[in-house]
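A short write-up of the structure that comes next.
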Amino acid sequence: MRVNSTTKARTRAAAGLTVAALAAGATAGAGPATAQPKAAPAAAAAADCSAAYRIEQKLSSGTTWRMCWRYDGKAGLVLEKISYQPKGEPKPIRVLNSARLGQIHVPYDDGNIEYDDLTGFDFAQGLMNLAPGECPGGTIKTVKVPDSWNEDPNVKGLCTTTRSRGHAYRMQGDTANKVFQAQGKDLLVYTVNQVGWYEYMTEWRFQDDGAITMNVGATGSLSWDDYDAGDGRGWPIGKGASAKSTSHSHNAFWRLDFALDGSTKNKVEQYDSTVSAPTRGQRAPTTKTTRTKVTRELAGDSKNYRWWRMVSATGKNKDGHARSYEIVPGPTTKYPGRSYTKHDLYVTQYNKCELFASHNPGNCGPGAGKSVDKWVNGQTLTHPVVWMNIGFHHIARDEDQQPMPVHWQGFSIAPRDVTAMNPLTPAELGRQNGHWRPRR
Ligand SMILES: [Cu+2]
């Protein structure tokens, strides 16, 4: 990526309204003034937020997602009070208190520069107006950017829409010629934020089966003034070998504050499995899975057969099993260059001051440190906060111009025992729970 004149202007304009800063703001998202979201006290009765800041979507398969949104001056889009209500559940099941990005860290391979996009390079100021066509079938909400450099702080920048994701399930029934199948539906919530030459899509996908997938997509342009790569740390993308784009990493962090069943006292568990070759008398290899309760702050690493889950302190499904959400990491290239990027997952005890995985602006007390790795210091977890680090090493290719195709990186959380059966189970199959028998 990067330093285009806009970004340079922004970095110089720390105190605000210089001419350069106004120009930067103008490129970052000037647009027609439209209905500004107003607090709607009349409609707010018993709701978690006023109507303008509420997202509620009942998908055609019967699942309803509810949440509130707000826009933070550094983190950008923040989703709060997220709940999931599949058909057959009498009330919404709270999943998260808060879900947001925690940083996008972009170090260049030649060691000349690294960026902390959220805290240092005006990610949130760069909210872009969306064209109607880029929120197909959905609604574009107007976002008021805090401390905006624009004359008009309102940006038509938040899309909420639905999308099909293909088969949710398929099963050949035990009656002749009966096929049970359903097409999955998702609620999508996203913004586009420009930082330098790049545009980042921040996408949240809420599936009708209870899974949530969060992704950052990098698009826009490669940074035209990073085409030096004289030291062999780039890839030629113009004719011959003259124009080499410097390779770099995008290390994205998410911060998830869980509140399963409305309680933040969630328990963290880590699972590992060991596979052993067959011993005498065994026909095949065996696999043994063990659970480790994570009771203190954790700097965790993904590993073959390893996974984590957040377990509800209070809620059980109709089978009497504790509700939980499993963390499902996406593909990642872990960047070992900084202390805060050395691990895939951090779990910290909640602290309202700890908001960004690196370059945290708040002063969280003497010796507290500015990055998530420093906050892992042995505290007992009574209110765990999950930080996920997903990295991508970007070695540019000819196809990255122009515009650069969106490159996605992210991960999911998936329900584990939140409902007693598949939340999309058709009524006819509702009896097939546990060790059921076919009817004769
Ligand atoms: Cu890149």
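Using the three backbone atoms N, Cα and C, a Cβ is placed for every residue, glycine included.
These features come from TrEMBL:
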ACT_SITE  ASP122  active site, proton acceptor
ACT_SITE  TYR198  active site, schiff-base intermediate with substrate
DOMAIN    51-423  domain 'Copper amine oxidase catalytic'
MOD_RES   TYR198  2',4',5'-topaquinone
REGION    271-291  region 'Disordered'
SIGNAL    1-35  signal peptide
The correct three-state DSSP answer for the residue listed as 'active site, proton acceptor' is coil
Per DSSP, the region 'Disordered' (271-291) contains 0 helix, 12 strand, 9 coil
The mean pLDDT across the domain 'Copper amine oxidase catalytic' (51-423) is 95
